[in-house]
Amino acid sequence: MATKRVFDVKSRSKSAKKRKRERPKQPRIDYEEIEKENKLFEEFYTEQGIISPSEWIHFMSTVRLPLPATFRLTSNTCVCTDLADCLTQRYIQKFPKLSTNNEPINPPIPIPWYPSGLAWHVDITRKEIRNDPVLASYHSFLMRETDIGSISRQEAVSMIPPLFLDVQSHHKVLDMCAAPGSKTTQIIEAMHQSHAQILLQLRSSQESTATGLVPNPLPPGFVVANDSNNKRSYLLVHQAKRKKSANVIVTNHDGTTFPNLYLSQDDHRTGNHIKYDRVLCDVPCSGDGTIRKNPTVWMKWAPHKANGLHRLQLRLVVRGAELLVDGGRLVYSTCSMNPIENEAVIHTLLKLGEGSLQLVDVSTSLPELEKRSGLRSWKVMSNANVWIDTDKTEENADGIHSTFFPPSSDQADTYNLQRCMRVYPHHQNTGGFFIAVIQKVAPLPWLKLVKNRDSQAEISSPVEQEQPLLVTISDSVKDKSKIENRPFSVFGKFSSSTGYKGYKEDPFIFMDRSDELITELSTLYGISESFPWEHCFTRSEGKAKNNIYMTTSLVSKILATNQADKNVVKIINTGLRVFCRSDQSVGSVCKLRFSQDGCNILFNYFSKRKVTLTESDIIKLLENESISLSSLCPQSLADIKDLPIGPVVFICNPSSDSAKSHTSPADNKEQSSPDTLLHKPYKCFITCPLIFSGWKANWSARLFVTKEQKQHYQVMLGYELKSDVSLEEKKKSRFVRCQIRDSLEPSIPTGNGNEGKDETVCEENTT
C-alpha cells in the first residue's frame with residue numbers, strides 16, 4: 001500500500017506539471033494600451049483626504065505619467081566620489097549638446113535630498129537612447145557599473161527607509177523582507193562606510209602606527225537579510241555579492257515567525273538570543289504607490305487587497321519589535337498610500353506595546369525631501385466597497401477587523417501618528433511611499449510577563465525565557481498557561497511550517513589553523529599571524545577546498561551555533577570569497593589564487609608576491625587577455641621576472657595627469673596593432689591605489705577580472721573604450737545606409753526586383 005501511495009503521489013505531480021505546461025499563456029499586457037482610470041481608486045483617496053483639493057488634479061495627472069529612472073552610486077567604496085566625477089565629466093556634460101526632433105534632452109540631475117549627491121534622477125526614453133551614440137554609451141556605462149556593483153538602479157522613494165535606520169558599523173541589523181535586496185545593499189554600504197571612517201581615524205592616530213597591528217578591515221556588526229520566498233532568496237544573494245561584504249547572512253524563513261538566533265550553545269541553553277540594534281520591516285503591500293511603474297494597478301486596484309494584507313503586515317512588524325533590542329530602532333515602510341496598511345498597522349503596534357514603543361519625530365531629517373505627516377484619522381472601506389463608520393462591527397465581517405480603525409479623538413495625541421511620513425508622487429516626481437520610525441524604550445509587555453513567570457518556575461530543561469507573541473506549534477511552546485493573556489485574536493492563524501524548503505544547502509565548514517593548506521598559503525604569500533583563519537570556511541564537505549570564504553567573528557559564531565538545527569532557520573549564503581581554485585595551476589606553486597573580491601582585504605595581511613605596475617602596464621593588461629613580460633616597464637619587469645609561476649597581486653597608483661593619448665613602444669609587435677591602441681581623451685579619475693588579482697606565467701602575465709571590471713577601470717583611467725567608438729561608428733553607418741536606401745528607392749525596377757535589391761545590399765555592405 002505504501003508503494004502504491006508513493007506512485008499515486010508521483011502520478012499526481014506529473015499530471016499537475018502536464019496541466020501547467022498545457023495551460024495557455026496569458027497574453028503580455030501592453031502598458032501603453034492600459035486605460036489609466038479607476039473610479040474606485042479616485043473615490044477612496046478623495047474620501048480619505050490624503051491630498052488637498054487644490055493638489056488633486058496635479059496628483060492624478062502625475063500618477064498617470066511613467067516613472068523616471070533613478071540610480072545611486074555605491075557609497076562605501078573609496079572611488080564613489082571618483083565615479084561621480086567620471087559620470088559628470090565623461091557623460092553628463094555632453095547632454096546640453098544633445099537633442100531629438102529639435103528638442104533638448106534632459107540631463108540626469110542629482111536627487112537633492114540624498115546624502116553627498118550620490119543619487120541621480122534620469123528622464124530619458126528608450127527611443128532617445130537607441131538613436132544617439134552618446135546616450136547609448138552613457139547607458140552602457142550604467143549597465144556596466146550596475147553589473148560590478150558600483151551603481152544600484154533603485155526607485156528614489158525606496159532609498160528613504162535605510163537612511164532613517166542610521167546604521168553604524170557595530171550594529172546588528174535585521175532586514176525581515178529583504179528581497180530583491182536594494183535596501184539591503186544600502187544597509188551594507190552604510191555599515192562599511194561607518195567603519196571606513198573609523199579606520200581613517202585609526203590610521204591618522206599615532207597609537208595605531210606605533211603598534212604596527214593591522215586594523216580589522218571588516219566592520220564588527222552584521223546584517224541578516226531574510227526573505228520567506230526561497231527563489232527570491234537567491235536573487236538576494238546575487239545582490240549582496242555585488243557589494244563584496246563578509247558581514248551579510250542571507251536566510252530563508254517566514255518573517256512572522258523568524259526564529260531566535262544565538263551566539264553560543266550557552267546562550268541557547270539560557271535563552272539569551274540575539275537582539276538587533278536595527279530592524280527594517282519593508283513589508284509586502286498592495287503597492288498602489290508604484291502605480292507609475294506598474295500601470296496594471298489601474299486595472300486591479302480594490303480595497304480588499306490592502307484589507308487582506310493588514311494582518312500579515314501586523315504580524316511582521318510585531319515580530320520585528322520583539323527581536324529589537326531596548327533602545328533600538330525599527331523602520332516600517334510600504335509602497336502603498338492606503339492607511340489600512342500604514343497608520344492602522346502602526347497604531348495597533350503602539351497600542352499593543354503599551355508605551356514600550358514610540359514613534360520618532362524625524363521631520364527635520366532630510367530637509368530637502370518633501371514629505372507629509374501621517375494621518376491621525378482615516379476611513380475604512382469593506383471588501384464589498386462599502387464605507388464602514390464604526391469599529392463595533394463583527395470581527396472579520398466582510399474582511400473588516402477592529403485593528404483597521406483609527407484611534408478615538410481623545411487618544412490620538414497618545415500615539416502621535418502624525419510623526420509617520422508620507423511621500424506623494426506629485427511633489428518630487430517620484431512614487432508613493434510610507435515610512436514610520438519607531439524606538440523601543442522598554443521591554444514589550446508580553447515578553448516581560450513571560451520572563452517573570454519563567455523566573456519564578458524551576459526550569460529542568462533548556463527552554464527560551466522569552467517567548468514571542470507570534471507563536472506556533474514549531475516554536476516549542478507547550479505550556480498554554482504562559483500565553484493565555486496574549487492578544488492572539490488580533491493576528492489570526494499562523495503558519496506552522498519552518499523555513500527549510502527548496503534546495504539543500506552545503507554546510508559551512510570552518511578551517512583549523514593546523515590545516516596543511518593554511519600553512520602552505522601562509523608561507524607562500526607571507527600571510528600575517530593576525531589573519532583570522534578561524535573565521536574562514538569552505539562549503540565542500542569531504543572534498544578538495546576549491547574556495548575559501550571569510551567572514552566576521554559574530555557571523556562565524558552564528559553559523560557555528562545555528563546551522564546544526566536545520567529546523568530553526570535555513571541559512572542560504574554568507575561570507576566573502578578570498579581564495580579560489582585557479583584554472584591555470586599547471587606548474588604553479590599553489591592551486592589556490594587570490595580572489596578579486598577579497599584582494600582589498602587580503603592585501604592588508606600578506607607581504608609576498610606583490611608587484612607594483614605603472615599606469616601604462618595596467619592599461620595593457622586591461623586591454624588584452626594577457627601580455628608578454630617584456631612589454632612591461634623595466635622596474636615592473638625586474639620585480640616580477642624572478643617570481644615562480646603562480647598568483648600575484650598587481651598594485652597601481654595611477655597619476656592624475658592631464659588628458660593625453662596612450663601609445664605603445666613601436667618595437668612591441670603585440671601592442672603595435674591598431675586594435676590594441678587606446679585613446680585617452682580624459683583625465684584619470686582614480687585617486688586611490690588599484691589592487692588586482694593576477695597571474696604570472698613563464699613569459700606572460702594576466703588579470704583575473706571580468707570584462708565589465710576591465711572596462712570600468714579603462715573608463716576611470718580616462719581611456720576611450722573600443723566598444724563606445726564602434727557603437728558611434730555603427731550609429732553613423734546606420735544613418736548613411738538609410739540615406740542610401742532612400743535615394744535608391746525610386747530607381748528600383750518593377751520586375752522581379754533583383755537588380756535593385758542587389759545594388760542596395762552592395763551599397764549597404766560597402767558602407
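Note: Cβ is positioned from N, Cα and C throughout, glycine not excepted.
Because TrEMBL annotations are produced automatically, they should be read as predictions rather than curated entries.
Record features, source TrEMBL:
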type     : residues                                                                       : note
ACT_SITE : Cys335                                                                         : active site, nucleophile
BINDING  : Cys177, Ala178, Ala179, Pro180, Gly181, Ser182, Lys183, Asp227, Asp254, Asp282 : S-adenosyl-L-methionine binding site
COMPBIAS : 1-11                                                                           : compositional bias 'Basic and acidic residues'
COMPBIAS : 12-23                                                                          : compositional bias 'Basic residues'
DOMAIN   : 59-441                                                                         : domain 'SAM-dependent MTase RsmB/NOP-type'
REGION   : 1-29                                                                           : region 'Disordered'
REGION   : 746-767                                                                        : region 'Disordered'
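Its own atom aside, the Cβ of Lys183 (S-adenosyl-L-methionine binding site) has 24 Cβ atoms within 10 angstroms in the protein chains shown. Scoring each of the recorded positions (Cys177, Ala179, Cys335) by how many neighbouring Cβ atoms lie within 10 Å, the top position goes to Cys335.
Neighbours of Asp254 (S-adenosyl-L-methionine binding site), defined as other CB atoms within 10 A of its CB across all chains, total 24. On its own chain, Gly181 (S-adenosyl-L-methionine binding site) has Ala225, Leu235, Leu236, His238, Gln239, Ala240 as residues at least 6 apart in sequence with a Cβ closer than 8 Å to its own Cβ. In this structure, the CA atom of Asp254 (S-adenosyl-L-methionine binding site) is 20 Å away from the CA atom of the residue listed as 'active site, nucleophile'. Counting only the Cα atoms, the space from the residue listed as 'active site, nucleophile' to Lys183 (S-adenosyl-L-methionine binding site) is about 13 angstrom. Those residues noted as binding S-adenosyl-L-methionine (Cys177, Ala178, Ala179, Pro180, Gly181, Ser182, Lys183, Asp227, Asp254, Asp282) have their most widely separated CA atoms at a distance of 20 Å.
When pLDDT values are averaged over the domain 'SAM-dependent MTase RsmB/NOP-type' (59-441), the model yields 91.
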